[in-house]
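**Q** What TrEMBL shows for this protein is this:
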- 31-142: domain 'Ig-like' (DOMAIN)
- 216-311: domain 'Ig-like' (DOMAIN)
- 398-470: domain 'Ig-like' (DOMAIN)
- 490-584: domain 'Ig-like' (DOMAIN)
- 593-689: domain 'Fibronectin type-III' (DOMAIN)
- 691-793: domain 'Fibronectin type-III' (DOMAIN)
- 797-885: domain 'Ig-like' (DOMAIN)
- 894-989: domain 'Fibronectin type-III' (DOMAIN)
- 1007-1097: domain 'Ig-like' (DOMAIN)
Amino acid sequence: MYNIIMGSVNNAALTCVHLLSSLAATPGTEPEMTELSGLFVEKPQSTIAIKGKDITFVAKVDSSTLLRKPALKWLKGKWLDLGSKAGKHLQFKESYDRDSKIYTYEMKIVKVVDGDAGGYRCEVTAKDKCDSCTFDITVEVSFSFSRGPKEDEGELDFSGLLKKREKKQEEPKEEVDVWSILKKAKPCDYEKIAFQYGITDLRGMLKRLKKMKVEPKKCDAFLKKLEAAYSVDKGKKIQLTVEVANPDAQIKWLKNGTEIKPSAKYVFESVGNKRKLTINKCTLADDAAYECVIGEDKSFTEVFVKEPPVTITKLLDDLHVVVEDKVEFEVEVSEEGANVKWMKDGVELARDGKYRFKKDGKKHWLIINEASKEDIGMYYVFTNGGESKAELEVEGNKELEVLQSIADLTVKAAEQAIFKCEVSDEKVTGKWYKDGVEVKASNRIKMVHIGRIHKLTIDDVKAEDAGDYTFVPDGYALSLSAKLNFLDPPKIHLDTTGSMVNKNTIIVVAGNKLRLDVEISGEPAPTVCWTKGDNVITETEGRVRVDNRKTLSSFVIEGAERGDEGRYTITVTNPAGEDKAELFIKVVDVPDPPEGVKCMGVGEDTATIIWEPPKFDGGSPIKGYLMERKKVGSSRWTKLNFDIYESTSYEAKKMIEGVLYEMRVFAVNGIGVSQPSCSSKPFMPIAPTSEPTRLTVDDVMDSACMLKWRPPDKIGAGGIDGYIIEYRKEGGGHTQEAYTEWIQANSEPVEKNSYTVRGLPTGEKMEFRVMAVNIAGRSPPAVMAQPVTIREIIEQPHIRLPRHLRTKYVRKVGEKINLVIPFQGKPRPVVNWFKDDEPLDPKKVSVRTTEVDTILFIRSAERDHSGTYTLSVQIENMEDKASFEIRVVEKPGPPLAVRVTDVWGFNAALEWKPPKDNGNSDISGYIIQKADKKTKEWFMVYEHNRRPNCTVSDLVMGNEYVFRIFSENICGLSDEAGLSKNTAVIAKTGLAYNRPPYKEKDLNTSPKFTQPLQDRSVIAGYSTAISCSVRGRPKPKIIWMKNKTIIGEDPKYLMQNNQGVLTLHIRKPSLFDGGNYSCKAVNELGEDVVECKLEVRGASATRSPVAAVLYTASALLSQ
């Protein structure tokens, strides 16, 4: 209850604030009359009400043209919904005449008070229709005096009241200035104060408050403060604005005393002198007090977030039941999910075994399973915007026996429905109700009472006859109920116009939206199912979705795609039957791009291009093609035709010879132009080259011939892609024998200028010719002047030993050895390998031999691979030999017998023997290192020492040394060192070191400039800086001076000290900032000064005299 009362107070505060803002915006405005649209049959009229009396207003609405029940609101002023104020003072009633189809609405004001005066509005809405009317209530006082005790006690006796007041006035009472209280109070407290001091005319009170002049407190920081209060709807945004006197002033925004930080919800803006705070998406948490603070000055305001009150749209009905019956109180509110409070006789009801609460959308129920005498009383339901009440009466059971109850019926259209019941008392009468409304007899509806039987007959049943029917015997707390179910077979009403090209076929362009609205009918409302093939479409959101309503089913495709094409089926079913319809949706689109674009031939300035039609024509026949070309490396495409070209081959002309081009093709259908095809391979308009030159025979074998030639003299811009070699028997052009025609020897053009033609008949004379090939085609052939006889030629064997094998070939252990040795000889010679005059072991060394060379390969060299290798090449009785030496080396072993032979002074003599294993290579030197036994750290003494002895000098007295020696060859140092067997001890001579006494050094110094100031010349208007550096201890104090005058806290100058580097920044110097600048550093040990001269030159040397005077004046003003 406390929450409801506080909600009412907050709503009242919002009411006052909105009234005040509306009055400030439009003073003196009156309610405007809305033109009728024909819904009202009778309108409430303006009237004069007597204070203390009851008054009733009636409005009648014609619903014969409406599809659903109209909604009517009673409003006071512009926005106050009186439905939320229903109770003892305001009562509402609604009735319906089935014959005339007129709704009657009544509003009764019980005991009119002064606050009921004002303008009212009655507003009715029904789907797309709306009507309203206005009326006024004027409240007057009726003077009537009581003349005797026999007169009506309901009349007011003002004389008696006056006497009582006179008695009260005799008591001392302090006078209270209500207006001073209201001026100091917050707007949310206006209604509470008005109620406390008996002010009933809130509108007049707010007008007077607005006219009262309140002297604002003078504030230097704000030019314009915040308004006293702001109002905003929940979910909207609001902007608070102030104007400040200083544009550079820093402000803070506070909410309930807590500083607000900028965020997506709170946005700060600064435009000139204006400072703005924007609050986005206001919630109830933003209903608070806000402050704008500049230093000690503050500006206050309050923000009220309006939340629509939850009103009761359907009031409670009084119930009359018998003991053990089920009781259901039903109420409907304006908002879904709203909280309501149930009370009985002032006590809040809780959920327990006796009471149950139910909520469904806007409807709320209080349920009592088994009513008893204790449940008799007044029941209330409360929301934060209204209340309603109803009375429950419970009677004891009467002895009326039901012999036959009415049963549920299910009928189809135009059939007859008969409800029949039988009770034990023949004299008992009763009434029939449909959905709580009494049934009236008509031509179709007849009610019969014959003895104990009561019968309700409905002829030609219609859809609106469906509902709950109840028979209530008069004088008994008893009711018999049954339900009439109306069946109407479902039907699909398919519109075949619009986008359908023929029956049940719909064409939609890809990317467009398709919305197919299908009207359906049937009772009860049929179930709709959309399917595509075997897949059921159930989505209500997304790109493809279904939106079902009672009489309409909508199939929507957002951005149609090719995959959406197909046959769709809509099926509607209810208990009365089923209906089905099929649709074919065809999605048309631009075609796919053409494929296989390529160049088939080129000329000097032309090229022939062919392509294949697109795989998918977009659902519409291909009309033709558009072609474009561009140079390779360019991004600009040039159109070759503007009219559609129907063929799939095209000859492009007017091209530049020697330039690479690319082509692409577009396909066109009735929908549009496709995407471009893939670009063709680059091609070049060129003419074929001239014939190859200097065609000769390089070698002849028993079944092959090797040819070589030179490139053509004239190649052109297209270059050469390769060569084609052809051959035939001599005189093939004049005989009919085998090989009479030219035969191509190579299937693909060869790039080299030589080629071996194989598979030729031995002993025959053959003719050869060679042609160059490029993108333009084949060149004229180069033909051999004489035929060539195919036979073997003997050539003496010869080994061409590489230069690096003519000396000793050295490799390290583990390295790879790969030696290629070419040789000559025909026919193919026999190759043999030997090592140290013994045949080569194939398990240790790999050998591979071809017709022109032999390869010796060792994967990982070892020491035993060292030796002399001999290669023998032999053809019959002719032979050639070549020998070379391979040496495989590794790191040597450590030196032997390292010892100290003599020690004298600070010197030691060492001797050692060469290592036992030299790694198969000569020892190139030794590395000698020393280490004292205290630190055991090794230090270099000698590198690359060639002799097996040395003398180590500069040893430290008192230390004992040990030595180690590494041997070195071509592979590097030995892995281990040879350690000296004895040590060298450097004896001490008995000298003593006397440490001088420690004397602490004084680090304090007088200031001294390490870098002086430099003279400078600058241009007026451009900021500059002068710098110097100083040192001193303790840290000196720095004083900057201009013309011997100390520079104070002038904002034009900025002084910095960074680790002794002193900088004076001068902001936009003028001509008068020139002069002698000095910097003085002072501490307790002394001081030091440096000086410099700063010259400020004018911005332009050619400035006119007038401009110079103006510039000087502006410089003086800036000072």
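Heads up, residue numbers simply count up from 1 along the chain you see.
Cβ coordinates are placed from backbone N, Cα and C, and glycine is handled just like the others.
Help me see these features in their spatial surroundings.
**A** The domain 'Ig-like' (31-142) scores a mean pLDDT of 82 in the predicted structure.
Counted with DSSP, the domain 'Ig-like' (1007-1097) comes out as 3 helix, 60 strand, 28 coil.
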**Q** Does the domain 'Ig-like' (31-142) reach the domain 'Ig-like' (398-470), going by 3 or more CB pairs under 8 Å (6 or more apart in sequence)?
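**A** Yes; at least 3 Cβ pairs under 8 Å.
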**Q** Out of 490-584, 593-689, 797-885, 894-989, 1007-1097, which stretch touches the domain 'Ig-like' (398-470) the most, going by CB pairs under 8 Å?
**A** 490-584
**Q** Given the domain 'Ig-like' (797-885), which of the listed stretches 216-311, 490-584, 894-989, 1007-1097 has the most Cβ pairs that are under 8 Å apart from it?
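**A** Between the stretches 216-311, 490-584, 894-989, 1007-1097, 894-989 has the largest tally.
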**Q** When secondary structure is assigned with DSSP, how many helix, strand and coil residues does the domain 'Ig-like' (797-885) contain?
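**A** Split into helix, strand and coil, the domain 'Ig-like' (797-885) gives 6 helix, 52 strand, 31 coil.
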